[in-house]
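Asks: My questions all concern the structure below.
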Amino acid sequence: MEVLDATGLAERLRWEDNDYWLHLEAETPFDKYPAKQHARRVQAKLGIEDGLIYLPGQPARNNEDSDMPAPFRQRRYFYYMSGCDEPDCHLMYDIRRDVLTLFIPRIKPERVIWNGRGSTPAEALAKYDIDQVHHSQDLTYIIQNWAFKHQHTSIYILHPSSRIPGCDNLMPRIDSHSLQPAISLCRMIKDDHEIKRIRKANDISSQAHREVLANIHKYKNEAQVEGLFMDVCISQQAKQQAYDPIAASGPNAGTLHYDANNEDLAGRQLMCLDAGCEYELYASDITRTFPLSASWPSKEAENIYNLVQRMQETCIERLEPGVRYLDLHIMAHQIAIDGLLRLGILCNGTREEIYKAGTSRAFFPHGLGHHIGLEVHDVGQAELMSVRRGKPVYQQAPSLYPENFHDPVYDSETCHAPTDPQSSHLEEGMVVTVEPGIYFSVYALQHFYLPSPIHSKFINLEVLERYLPVGGVRIEDDLLITANGHENLTTAPKGEAMLDIIRQGNPGTTEILNPSPTPPRRMRSENRTPRLRAPGISKKTLQPLLTPLARAATLPTELRQQDDIDFEPIVGPSLFSGFSRAMTTEEKIQQWKQKRDSVPTAPSRPTKAKNLSPVCGENTANVQHVYMSTVSDLSSLSQSSVGSGSTSMCKNCGILVQTLDRLRQNLSSSTQTSPKPMTVPTFESRQKSHTVEEKHREMVCTDSLLDKVSIGQSNRAIGPEERRRKAQSDHHHHSRLKAATGEVKSRFSTRYTPAGVPPLMPSHDQYSITRRPNPERMQPVADTPIVPPRHLTYMTSTPQQSTENPALADLGLPRASAEIAAIRATKQAGQEKLDTQRTTLDAFQDEGQRLVIRSRHRLIPQTSMPVLMSQNPYHHHSNRSHGREGNNATNKRSMIDSQPAERRTRPERPERPARDYVPGDEFLTR
């Protein structure tokens, strides 16, 4: 080991700048998916410097009406920015801080024995290119906390239907229209990591195609071909297919997406095998058409195969950056028309006439290709084959301007295109397919093209019938667009190499796990510069667009400026024409550092508010806040802090201080002008009411003494016949009194409280009667004055209207003298109150209620108190009606209070039999 000494330090420092640094890329699990770089690319496409990106992962679910789990397939937009292929995860990217956070579900111990466990936070941090890992339960809190600290920034989600769990209050700040186009533009250009995965998927699929070619003469059914292909893919750790394999033999090849794969191969000429696997979520798409024998079964099959192969090779030769893909599609149609004219299938017209009529779409109904990546028909497909529609629209051939891939349009009347169509230009880093084909669909020909006079005149039926058994031919490869041309990622054999494998039965010795480092590709000479380049491609070196990094830190690290990168825009129309150039990551870092260095120092807080919190709740350092410890200190703090310091005052604090001052003024003024509140009865007022009641009892007793002298003495002198007539007259008098006082019955309420205890709530009626439980039964005696029981007290309040009734004026009261008349008037008032009590008790009898309340086993029913059953069996036996009344006691009593008198005298209700009045009646005595 070399000993470090101070003498050699200067020499080492002098040669330090000349040292060479070695960069290594590991082909091991340490080669992480570049999620952090993808997030930065999305931020650059969005063109924002602050905000939050939220993406949910695919949740785990079961099949419908089943307890078996459905096949899990991660959401591709989520995977592009996270690299995580686990269910029930979430992703959050803080743009300003450049922090990528992954939320994973917490491990459930009860499910580990069944499904295994997921990643722990430490494992996820080491596995994925992310900065932080939290459990999913913390998602709502973290996002709400971020939103509170960033009041004026937006949150970007993928779709308008997307929702952040527990964050519905943030909907006004959510942008659901900008994120998906930005990620789609980024996904169109693949980086080195993505290209490696697509190449790996192509290698595995190509080997599976070789195995099928080597064993095709052994199989007798389409299902066997599909099974062998999937067997090879699964054995190479590619357990998922990018799409359902298409193993179409004979006429089935005329169906573009045939997937039954269950018919026998006997009597068929060709098989069209369209199949490709996924590797780490990246797809491959390969199609090969081959004979089911060692040689071509017919001349017609060989002719169609050679025509399709010429279409594909011609289009592939012209793949390079800046080429408009739609032009290649039109060129493929022109080659197909020339070939079909030469074979005699098309006739009676020139290439231009058939081209304008769109008859070639009968044999080539789909587009030339599509993007491929995380999806087999990856994002950007619409841009690749799109048509920019202008105002002048003319009828054109539908075969020239397809709107959707594999969306057949069989009539020219259903498709229109502008005179100046525009589509996407190819860019470096794109991976596209080139898949021309010639098909003979009997259904499409019979129902759309042959009945149409526009197309039928160009089709030779006699020759067409000979080519119908061919079914269809399609050849498809996956190609990477490079700076100098293209690279074919598909290594599956075709042409003569394909026939050699079928004849020999040997798939070859291609090693899948270690593919060739230099796959077949078409390269330009090095001394020839490319004509058109995508933005950001260097003129000097062919370095990749993105370089995989280690796990990203919370803040971006210092990166070196690369002077050999220019950003010259593409010449001519392009997908990026008219767009301003997005800033690179290095420029973003420099801009962030400048802003960080230019931030002024935060002013110190007031000394008296050292440990206080601002009024507005936001502790920002660029403005001066108002602090408060108590409510009384608010005005003084606001006056002292507004004019102090050179920094600007916090607007929110000023608004809150002014609002509180106005509230104080309004409260102070309202206390002077507000009406006098209702006072609660005091002990002295209750004593006064008891004094008035005692005086009323004395008056009633005096009236009873007079009855002893007059009425009582006369009762001993009259006979039985007169006593009966008097009872009838008294009953008539009682009926008149009851009819006269019926209109005020609704103003009386009965309330039962213990003796000496005032009612809990003041009555809103004019009169209120309180009654002791278990009153003594008082028997009237002829020579004894009738004194009302002591437990009957009358609580009077100021009436809202006069209780005088004209019917009370003609009751026939005797007037012996002025004193007797006054006493009689007082007696009459007491008698009216007693009649009112009797009327109220009659109402209880009408409702079928027997109110027997005993002093030791009685509860006061309240609205908020449940009715309890007494433990006394005798009380329970004699109080059945009270038990029924208990559950709704308050409602029934309020119903009696508010029930008008007319409801008791309705004609449909039978009259109660009249009660014979006798002076000793117990009911009247009570």
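Backbone N, Cα and C atoms are what each Cβ position is placed from, and that goes for glycine too.
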Asks: Select one of D264, D285: the residue that Swiss-Prot places in the Mn(2+) 2 site alongside D274, E476.
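Replies: So, going by the record in Swiss-Prot, that would be D285.
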Asks: According to Swiss-Prot, D285, E476 bind Mn(2+) 1; so which of E313, E317, E320, E435 is the extra one listed there?
Replies: E435
Asks: According to Swiss-Prot, which listed range is region 'Disordered': 49-69, 553-573, 595-615, 784-804?
Replies: 595-615
Asks: What Cα-Cα separation, expressed in whole Å, is found between D274 (Mn(2+) 2 binding site) and E435 (Mn(2+) 1 binding site)?
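Replies: With the alpha carbons as reference points, the distance is 10 Å.
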Asks: I want to verify one value. Collapsing DSSP to three states, which class is E476 (Mn(2+) 2 binding site)?
Replies: strand
Asks: Are there any residues at least 6 positions away along the chain from E476 (Mn(2+) 2 binding site) with a Cβ closer than 8 Å to its Cβ? List them or say none.
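Replies: D274, D285, I286, T287, R288, Q312, G369, T433, V434, E435, T490 - these are the non-local Cβ neighbours of E476 (Mn(2+) 2 binding site), listed in sequence order.
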Asks: For D274 (Mn(2+) 2 binding site), name the DSSP secondary structure in the helix/strand/coil scheme.
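Replies: In three-state terms, D274 (Mn(2+) 2 binding site) counts as strand.
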